[in-house]
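Trainee: Grabbed the feature section from TrEMBL, which reads as follows:
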DOMAIN    A:32-148  domain 'Acyl-coenzyme A oxidase N-terminal'
BINDING   A:T154, A:G193  FAD binding site
DOMAIN    A:290-452  domain 'Acyl-CoA oxidase C-alpha1'
ACT_SITE  A:E437  active site, proton acceptor
DOMAIN    A:490-667  domain 'Acyl-CoA oxidase C-terminal'
Number of protein chains: 2
Amino acid sequence: MALLETSKYSQGSVLGSVNPDLASERQTASFSVEKLTALLDGGTEQTRIRRAVVEAIESDPVFSRENQYFQTQNERYEAAVKKAVHLQKKMHEMGWTENGPEYKYIYRALSGDVAFLLHRVFMRSISVLGSDKQIAKWIPLATQHKLIGSYAQTELGHGTYLQGLETTAVFDTATQEFVLNTPKISAMKWWPGDMGRSATHTVVFAQLYIHGKCYGIHPFIVQIRSLQDHSLCPGITAGDIGPKMNFEHIDNGYLLLKNVRIPRENMLSKFCEVRPDGTYVRQGSQKINYFTMTTVRISLISDEVLTPLMKACTIAIRYSAVRRQSKLKPGEQEAKILDYQTQQEKLLPQLAAAYAFHFINDYLQELFNRGYREIQRKNFDMLPELHALSSGFKAVITQHCTAGVEICLRACGGHGYSLLSGLPSLYTKIIASCIYEGENTILLLQTARFLIKCFMAANAGQPVPPSVTYLAAVKHGKCPAKNKLDFLSPDIYTEAYQHVAVRLTSSTAAKLQDLIQSGVKKHDAWNQCTVQLVQAAKAHCHYIAVKNFAETVEKLETKAGIQKIMKHLCDLFALHGIFSNTGAFLHDGYISAAQMDMVTASYLDLLAVIRKDAVPLVDAFDFTDKSLNSALGSYDGQVYQRLYDWAQKSPTNQMSPAYERYLKPLLHNTLSKL
Amino acid sequence: MALLETSKYSQGSVLGSVNPDLASERQTASFSVEKLTALLDGGTEQTRIRRAVVEAIESDPVFSRENQYFQTQNERYEAAVKKAVHLQKKMHEMGWTENGPEYKYIYRALSGDVAFLLHRVFMRSISVLGSDKQIAKWIPLATQHKLIGSYAQTELGHGTYLQGLETTAVFDTATQEFVLNTPKISAMKWWPGDMGRSATHTVVFAQLYIHGKCYGIHPFIVQIRSLQDHSLCPGITAGDIGPKMNFEHIDNGYLLLKNVRIPRENMLSKFCEVRPDGTYVRQGSQKINYFTMTTVRISLISDEVLTPLMKACTIAIRYSAVRRQSKLKPGEQEAKILDYQTQQEKLLPQLAAAYAFHFINDYLQELFNRGYREIQRKNFDMLPELHALSSGFKAVITQHCTAGVEICLRACGGHGYSLLSGLPSLYTKIIASCIYEGENTILLLQTARFLIKCFMAANAGQPVPPSVTYLAAVKHGKCPAKNKLDFLSPDIYTEAYQHVAVRLTSSTAAKLQDLIQSGVKKHDAWNQCTVQLVQAAKAHCHYIAVKNFAETVEKLETKAGIQKIMKHLCDLFALHGIFSNTGAFLHDGYISAAQMDMVTASYLDLLAVIRKDAVPLVDAFDFTDKSLNSALGSYDGQVYQRLYDWAQKSPTNQMSPAYERYLKPLLHNTLSKL
């Protein structure tokens, strides 16, 4: 790796030898890092497989990301396509298959820096929405990459509200074709990945019209580029939507359709079919399709959201153990910035959140697997709950992790602002997760709608799903904590979270009812409550996350020190949430002012405790230097040498391109005077 | 402007004609937009001058920023140098001078996209720190651009803590020279703007050594590049530090010094001089220098922090009036997203904050002008207060505005994530303001130190500066509000903010004292209180900002509807602060739970009121389309057409660069099969 080359200036590189300030952090770990890694992976065998995948990917120069921060959008795109093509070869070489145990580690090992991700969505749509005949035709072609697929749903003027899509597909009985159009500029497809420059085919979502009647949104397979020379097909205008905050490697595209004709067979017809005479036939239950969309929100959490936060924590915490600035004690050496309480208060709650969300992700995965089994048995009872949980947690986790990455970036001062720290690209990428697969506010309102409904049902004595049974048991007690140590009891803080979630749900339900009873129309009343409904949905998810973390800790084996440190992190996660939202807990006096001072004291105490294990706790995430791609976060902590070596490779380190034309004329006739 | 060209697809461009959804927002303005603009500018004459500068700059194609989102770091840098050189010509042409009334509008009109900003800092350092002789020698050369200056203070390993800088300047009596070295990699100068590729000279801050004794940090003028051919001078290694999150147009640089010799006369010697025999002489008071550094923090607020927030609000609010998504009422057209309470709750508090901070900036400018007059009369009494205010407000305003820009970005959904929205570049630039000119946490702790000191003094009956006299008057009353309308009374909410600021300062002072009395060493005790000290400093600034806004509103003329709408914004700013920090106000029961419900009700009511004037309120910021450089924020609201037209100009809209090498081989032998 070129980064490791000895630079002339360093007079014998120190890279590779661990910075003593970082080494000392590892000597005092209170737990076994290797065992914690295995816990996170789900077992030592999983760790072994993951490491083997990482090793295979990272030792292959085609997959290198070292130059990424220096590349243009065009270069990033080309590299991503190259990697996607090479990956096929690599998988074959390594004997990895889509159903094998290695598969889930590949994307993580590539840090998502690869093209044709939408090709997989294209395939999934066909598998889920297509008839057996359609699956038999298209899936083998896609699997062998004999076409490149995309997924064209979002339009310039339409995202969240699918019913509002304006693209039309009119059935022409005479020719047995659908005629597709994007009749207005706002109907133009906009954002689909892999579509700007690569895709040959896409699944277009359009309003189906038969004999002048609209049947709503349906999916159609449309070829957009020639398989011969990649030129655009007749009636197609398509291209790249230009620069974004990140995702330079993806050719997000636009697509205009002008009287594009496709055969009747290209409407995906597992659930709805148009017969040759124009008869529209609905068949089967779409609920499983609905379930699939819901699972996407869960599936993105791990790779797109948790991994970036864990990387950001690794970078910022290692850097904070190495960076020395100002003096804590007069006369002493400058202090590690990790020793400042304010720095701990920035970083350690993010670390605790990374663990909390890792465990809630396990919980959700497990729940969704169960849901899937039920649905296969034609039992759809769990669907509303799964939808509410996936919506709420997608929103809460993406929001929390985005904020966490930003905190990590800012906690590294100026160096965090350099792309070479790795932090800016983590931030600019993770922030998109707050928007895609459902805008967060809208998702939280869907969770809130479920909560209100269940709250009403529970109070009417009707049964409600397990995750919301607590809404029935409104208690008006007070928090029983007597001293600050009581707030290290999971029962105490879990109960407090539950109390707040119930209070926010019930008070908003009451407001909603009051408004409606006072004559406000239902939809207006709902709109007037949405700010508070969002709060209730967040409180619900926060409660479940805390409860789940506490339950997870309880189940951990007590040896190797892991349970103890996880308990500290669980406490920190819970108390940080209270400390950052004191009003929610103080409002009705459930926690008193005196108790809140105890929370604060316990919370600040915990920072100093966890600080001791901070570096081992990020080491346990087990990121390689190449996967972090950060001058600040490397395992050896040789921050300054890495920054300097790397910066020298920047394309901006050539003679000033402005010299001959601008600087020379400005300066030149002044030599004699200086 | 190419952006305005009619595209083929649009079949008669709609650009220029105002989107009816936006036009309707302007018809119902409750106040005169033009008068509000004049108020913000400080008078109609100022508005006229500003507009003339903007017109002159924007009509000159050299200053165009239209391609900015498509350019590489090298291209951005070259364009910025070109603009800097051209600006000299332009100023001459227009008759603008550095002391003229136009000057302050130039940088804003350029959106800061210009090189040689550090050249000005170079000049200011010499003016402030140099002897008369040094000023006479260097300032004319710099003014005429016969050299290009920079300012080399920060090192790879040292930022905030100046005493920790490692660069050395050893006086050699034999040759009457200083010998400069960066003895370790962490001593390397890192970050100075204009230094990576442009500067010929720089002011280097180094530890002065004479006869083996260290005299601390001093400034030295060092030539780093040849005036002949721009090659690096002997002993100099310098270059560009590579890509950052933004600031691609600036060549932030690194600098290594190896036995670089400069004449004795190059140490800036207004305050300290080294005589030929090595005698070190201190002269005069450095307090004015200290004052100068303090004013820099205030001077950046307007252009670097408020303008970006105002631009972000303009973009997001205009877009929200045009974007329609989902239905508020069944059966109706899709609703403007600005009509959703959650969208209002995201954007309108940012708008209110922009106004609040504009007015506090006026207040601080006025205070600093007064301070400057006092200091010229050798009265330094105001210095500690000015330092505390500038530190605190720099931190609070940069933090708040950075968060505000991010909220605006996220409130625009996917389109906010496109660089063409203008929002990502506003965000990635403003976030740096949280770090430069003093890292925010450290600044807040400086404000807190002042607060604690003044609190102690006030309680001991000693006089304290005007901004903190309120700390002496600890009242233990309760908020007297009886209904939600009472919370629209500035007395009520200002008092509440004051109460919280006093409580947080006094409780932290008490904790500090308790710790020390219990035997904890002073510096440890301080560190253990820093999280709470930061809260106290923020509360102090928030209180002053609310009070100042309320006082400003009171002084406004009552006609033209301006006072009324400003009063609404002031109320919103104040109530949003309470609503977002309920715990601080509930903690000791100053505001009761019932009263907090009134705050919430009033706050949510205000959103609906201000929403009606939201577009006129951003129109009053008077940004041209070119200065916003945003497809979402243009005055005409033709969002989709602009996005489409602009995206087509992206360099990514050419044939896929990956086609021949990667896509074609993948696809090619499959033609017959599809």
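Note that Cβ sites are derived from N, Cα and C of the backbone, with glycine treated the same way.
What does the local environment look like for each feature on the list?
Mentor: For A:T154 (FAD binding site), the same-chain residues 6+ apart in sequence whose C-beta sits under 8 angstroms from its C-beta are A:K189, A:W190, A:W191, A:P192. In the three-state DSSP classification, A:T154 (FAD binding site) falls within coil.
Mean pLDDT of the predicted structure over the domain 'Acyl-CoA oxidase C-alpha1' (A:290-452): 95.
Neighbours of A:E437 (active site, proton acceptor), defined as other CB atoms within 10 A of its CB across all chains, total 20.
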Trainee: Roughly how many Å separate the Cα of A:E437 (active site, proton acceptor) from that of A:G193 (FAD binding site), to the nearest whole number?
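Mentor: A:E437 (active site, proton acceptor) to A:G193 (FAD binding site), Cα-Cα distance: 13 Å.
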Trainee: Select from the recorded positions A:T154, A:G193, A:E437: which have any Cβ-Cβ contact with chain B shorter than 8 Å?
Mentor: A:T154
Trainee: For A:G193 (FAD binding site), which of the three DSSP-derived states applies: helix, strand, or coil?
Mentor: coil
Trainee: Using all protein chains in view, find how many other C-beta atoms are within 10 Å of the C-beta of A:G193 (FAD binding site).
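Mentor: The answer is 22.
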Trainee: How does the domain 'Acyl-coenzyme A oxidase N-terminal' (A:32-148) divide up by DSSP, counting helix, then strand, then coil residues?
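Mentor: Once the DSSP states are binned, the domain 'Acyl-coenzyme A oxidase N-terminal' (A:32-148) shows 84 helix, 0 strand, 33 coil.
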